[in-house]
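Only one structure is covered here, and it is reproduced in the block below.
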Amino acid sequence: MGGAVVDEGPTGIKAPDGGWGWAVLFGCFVITGFSYAFPKAVSVFFKELMREFGIGYSDTAWISSILLAMLYGTGPLCSVCVNRFGCRPVMLAGGLLASLGMVAASFCGSIIQLYLTTGVITGLGLALNFQPSLIMLNRYFNKRRPMANGLAAAGSPVFLCALSPLGQLLQDHYGWRGGFLILGGLLLNCCVCAALMRPLEASRPGSGPGPQRPARRLLDLSVFRDRGFVIYAVAASIMVLGLFVPPVFVVSYAKDLGVPDTQAAFLLTVLGFIDIFARPAAGFITGLKKVRPYSVYLFSFSMFFNGFTDLTGSTASDYGGLVVFCIFFGISYGMVGALQFEVLMAIVGTQKFSSAIGLVLLLEAIAVLIGPPSGGKLLDATHVYQYVFLLAGAEVLASSLVLVLGNFFCIKKRPEVAVEEGERHKPPADVRVDSREVEHFLKAEPEKNGEVVHTPETSV
């Protein structure tokens, strides 16, 4: 998720909606998979890390939280790097950093060192890959953007299905240190994906100078004047408090119920397998003409569905119940993942999207640092996993209510106001206008007739 990147590429270039864009989509698919699945897949190693370093649940949960916080909160840094060097070089450097962090983590002797290597270095590397890849995807797709976002977002569950059992397999055969070393080697594939990010070039049929690039800002803070953006930012921040908690703790929950380690890790595979189909399906549905104007409400429903699933999942008392929970969580989680970027762009528009997403991610980074560790603290205090799932569900439910109620009461009437303005300026149907009066009016006041009345964009 790109930070406030102002490198918007050449102006006047129409998005190809295909062609080399499919290669860019594949690269974004792989990078999205590593970026989002990695913090969850690392949770497979938590039990082993707790035994090795003698620490609690909340201490190990900080690894995933720092990874996600770096992924979400480094928007301004990515902005400066992309603006100075371009998307492809930044992504190449990010792939090297992500790999270096995991390789260094395999030699760590304390949990603090793991925070620095796996959390900070690998998290920064993934951020330098993920955020520019999203920018490139939005440059290459316009009309097919909902579909492209849904397909790219499917990389997360696909890689979760693969990385979770692979992590368990590596831990069983090579220990957590050998597993981290091999995962570091796999992250070098991010550099391959970076090579696919070919910049768009403007075609110049004439010899004249190209279009002038308008003045740009590093961060356009004017988005805070948009009520739709403010509501979205508040709702998204609350949602992130609980959204990532269940995937982090569901494996440990199953092991606590006496489920074998391999079967417990398989729960993330079930979740990811369902998520694979949920994300593209949500993207295709959102792209429909009759559905796209109501994407905000569809996003709110997906958040409500996710929170309700967490609440019902807290009642699971055996492995079968956790499997059912992972199925429904995968559906709702996939809907959230496929819709979040499309909804934000629908609210702020293309021009302010890069700044808006950076600001949103900075706010979400704070919530990411609070969510899983607070769940770990609650677990350490109560030793009851049900309370963790109840807390996460309540937070996600609250975010859905903030979004739908705020959007309904603060923004719904804006299109109606625009219609009323248009009706007020429309001449009466029964009034006849003489052609000579029109000609006289055009000659008398030409400067007024050059004004264009723009219909304001709405967030719905």
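Cβ coordinates come from backbone N, Cα and C, glycine included.
It should be emphasised that the depicted structure is a prediction, and the values quoted were computed from it without experimental measurement.
The domain 'Major facilitator superfamily (MFS) profile' annotation in TrEMBL covers 21-418. Confidence for the domain 'Major facilitator superfamily (MFS) profile' (21-418), expressed as mean pLDDT, is 84.
What TrEMBL lists as transmembrane segment is 20-39 (among others).
Summarising the annotation, TrEMBL assigns transmembrane segment to 60-85 (among others).
Residues 1-3, 31-32, 34-35, 38, 42, 49, 53, 55, 59-60, 62-63, 65-72, 74, 77-78, 81, 90-91, 177-178, 180-181, 183-185, 187-188, 190, 193-194 of the same chain sit 6 or more residues outside the transmembrane segment (97-130) yet have a Cβ under 8 Å from a Cβ within it. Summarising the annotation, TrEMBL assigns transmembrane segment to 97-130 (among others).
Beyond its flanks by at least six residues, the transmembrane segment (151-170) meets 25, 28-38, 40-42, 44-45, 134, 137, 178-179, 182-183, 251, 261-262, 265-266, 268-269, 271-276, 278-280, 283, 330, 334, 337-338, 341 of its own chain at Cβ-Cβ distances under 8 Å. Positions annotated as transmembrane segment by TrEMBL: 151-170 (among others).
Counting residues 6+ beyond its ends, the transmembrane segment (176-197) has Cβ neighbours under 8 Å at 23-24, 26-28, 30-31, 34, 45, 48-49, 52, 87-88, 91-92, 94-96, 98-103, 105-107, 118, 122, 125-126, 129, 132-133, 136, 163, 167, 170 in the same chain. Summarising the annotation, TrEMBL assigns transmembrane segment to 176-197 (among others).
Residues or ranges marked as transmembrane segment by TrEMBL: 229-252 (among others).
The list of residues near the transmembrane segment (264-282) in space but at least 6 beyond its ends in sequence, with Cβ under 8 angstroms from a Cβ of it, reads 37, 40-41, 44, 147, 150-151, 153-154, 156-161, 164-165, 167-168, 247, 250-252, 254-255, 298, 302, 322-323, 326-327, 329-335, 337-339. Per TrEMBL, transmembrane segment is recorded for 264-282 (among others).
Look at TrEMBL and you will find 294-313 (among others) tagged as transmembrane segment.
According to TrEMBL, the transmembrane segment annotation covers 319-341 (among others).
The transmembrane segment annotation in TrEMBL covers 353-372 (among others).
Among the features that TrEMBL reports, transmembrane segment is placed at 384-405 (among others).
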